[in-house]
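Here is what Swiss-Prot says about this protein:
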- Arg22, Glu85, Arg124, Lys459: (6S)-5-formyl-5,6,7,8-tetrahydrofolate binding site (BINDING)
- 231-236, 250-256, 275-278: GTP binding site (BINDING)
- Asn231, Thr250, Val252, Thr255: K(+) binding site (BINDING)
- Ser235, Thr256: Mg(2+) binding site (BINDING)
- 221-380: domain 'TrmE-type G' (DOMAIN)
Amino acid sequence: MDLDTITSISTPMGEGAIGIVRLSGPQAVEIADKLYKGKHLLNDVPSHTINYGHIIDPESKEVVEEVMVSVLRAPKTFTREDIIEINCHGGILTINRVLELTMTYGARMAEPGEFTKRAFLNGRIDLSQAEAVMDFIRSKTDRASKVAMNQIEGRLSDLIKKQRQSILEILAQVEVNIDYPEYDDVEDATTEFLLEQSKEIKQEINRLLDTGAQGKIMREGLSTVIVGKPNVGKSSMLNNLIQDNKAIVTEVAGTTRDVLEEYVNVRGVPLRLVDTAGIRETEDIVEKIGVERSRKALSQADLILFVLNNNEALTQEDYTLYEVVKNEDVIVIVNKMDLEQNIDINEVKDMIGDTPLIQTSMLKQEGIDELEIQIRDLFFGGEVQNQDMTYVSNSRHISLLKQARQTIQDAIDAAESGVPMDMVQIDLTRIWEILGEIIGETASDELIDQLFSQFCLGK
């Protein structure tokens, strides 16, 4: 594939120990040699070496930066192209100067995700692996990064390719049947083979889809909203679960003015914890904005931790709030058990019915273990599956697998009903195409461009 040479800063902007300018393409080494002065020309050094030298402005002869330059030659690189990585000091001005020089002498500024896109276009990775690269970068827990790494290593790709190969074998048998319609024994054997193989493929698709709910939680975190009246201990609960003092804990109602968010691993379950401003009527403009954001967070939650104050009797406000959340997945927490009990637990149970109830003291860190176990049990049936399993965690993949499952069921129904094989062939071909979209072999250029546009610059 004949592509130009691209360049970008591949480290976060800002001050730091190191900043890296990356080039990829057929002229990467040539462009770098125009700027680099060291013991040897970069064109003459072995691949996969790091070389000390300086970046010189060819026009002014000014020494721009002291650098270490990595030389990586095709095809054993991420993009399967020649790659140069110029390791600079991490100052903003200097690294931008080096970037500008690479563009002045022949490179083009890379688009977001273009390095990974080239890895895909050059056959280094498939589309599902490319998507997993971004999942890995964005992962907030160890479990999420492990699931993404498994996909980068090609575990999902291998399963999809295996099913596509099985479909090709069915299609080959169907072709024999179409070519020799006069032989009844061929038709019978084809139908039997088609049904047997199709049901196995459907079973494998179902197995993958069964991991979808957990996979999505692993990837995105279980969106968990802590809600309750002001000053019932919501921020203390957030701090205890994340074991940090991120939220301001005071005795003043309305202290949390915004939605606070934190990722935490709770007994193997990655939570995206959201501490909301207390939902109440208020004239404070800033607090009012926080309340509106709280309502939005509630509407998007997977789990709601509804907090009550042991030191106060239930109020109409508690009833009103619970009415808002009662049809969701809720755990009710009666907090501040270290204080005098003024709440009627039986009244609480009457209000919440069969909803799980936990009693805690965030001040004394009591009841937290029970709460964590309840969260795990509610979503994972008491057991979090092995993170080394192959999970389907991407919404696009889940949608395509559901389409494939329906289409293969259509093919099974058609074959069992005696529909002509050339009609069944249409469904089988469509399944092969749908599964190909997951790994990018049959994906449209528009889809590919859209997916890679979501990447960051330099990746």
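Positions of Cβ are set from backbone N, Cα and C atoms, glycine also.
Using CA atoms as reference points, the binding-site residues Arg22, Glu85, Lys459 were checked against Asn231 (GTP binding site), and the closest is Lys459. Taking Cα separation as the measure, Ser235 (Mg(2+) binding site) is nearest to Lys459 of the binding-site residues Arg22, Glu85, Arg124, Lys459. Around Asn231 (GTP binding site), taking its Cβ as the centre, 19 other Cβ atoms fall within 10 Å, counting all chains. Taking the Cβ of Glu85 ((6S)-5-formyl-5,6,7,8-tetrahydrofolate binding site) as centre and 10 Å as the limit, one finds 20 other Cβ atoms among all the protein chains shown. Counting Cβ atoms from all protein chains shown, Arg124 ((6S)-5-formyl-5,6,7,8-tetrahydrofolate binding site) has 18 others lying within 10 Å of its own Cβ. Neighbour count (other Cβ atoms within 10 Å of the Cβ, all protein chains): 26 for Arg22 ((6S)-5-formyl-5,6,7,8-tetrahydrofolate binding site). Neighbour counts were taken as the number of other C-beta atoms within 10 angstroms of each residue's C-beta; across the binding-site residues Lys234, Lys459, the minimum falls on Lys459.
Here the CA atom of Lys234 (GTP binding site) lies 38 Å from the CA atom of Lys459 ((6S)-5-formyl-5,6,7,8-tetrahydrofolate binding site). Look at Lys459 ((6S)-5-formyl-5,6,7,8-tetrahydrofolate binding site): DSSP puts it in coil. The number of other Cβ atoms within 10 Å of the Cβ belonging to Ser235 (Mg(2+) binding site), over all protein chains shown, comes to 23. Here the C-alpha separation of Arg22 ((6S)-5-formyl-5,6,7,8-tetrahydrofolate binding site) and Lys234 (GTP binding site) works out to 45 Å.
Put simply, the two farthest-apart Cα atoms among Arg22, Glu85, Arg124, Lys459, the recorded binders of (6S)-5-formyl-5,6,7,8-tetrahydrofolate, are 19 Å from each other. Distance from the CA of Arg124 ((6S)-5-formyl-5,6,7,8-tetrahydrofolate binding site) to the CA of Lys234 (GTP binding site) is 48 Å.
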